[in-house]
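Per TrEMBL, transmembrane segment is recorded for 6-25, 54-73, 79-100, 107-124, 157-177.
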């Protein structure tokens, strides 16, 4: 991999993760006075505020954040094409790759947020701001799974069930999409 290809992918993917995190924080109605949430808001507001003037929300869903996530991936792919790191594709394929990349990165983000929550639950002495946000993000997914599992005497296996589900979805999309899913 070319170092510039690596740099472009890393910068765009990190910002994509922050935008997806903002969307997720809004979906779960997280505490936006939390310092971690404030970081996410301050990192995304310069781009999202002007975009929201053009693209309004729909039924409480922040459409502008989702569109921004897709535009970030499209920008990354176009930049990689312009620099010769990626072959030319049609506009339709560019949009398809962008949407699929957002879906895949959202799954990765969920995986890492669950890992961070698990680690913080083992090492944290108190309720840190990040631990509180990780709890707010993951509890809507973990609570229904936890209710379906039998009581394990203080051992919470719901995170493993969610990991299994994520892997199942990932392999299913790999089976359906083949090299496209691997590429993105």
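Cβ atoms are placed via backbone N, Cα and C, with glycine included.
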Where, among 6-25, 79-100, 107-124, 157-177, do we find the most CB pairs under 8 A to the transmembrane segment (54-73)?
6-25
Residues of the same chain, at least six outside the transmembrane segment (79-100), with any C-beta under 8 angstroms of its C-beta?
2, 4-5, 8-9, 12, 70-71, 73, 177, 180-181, 183-184
Tertiary contacts of the transmembrane segment (157-177), as residues 6+ beyond its ends and Cβ separation under 8 Å:
100, 103-104, 107, 110-111, 114, 117-118, 141-143, 145-146, 149
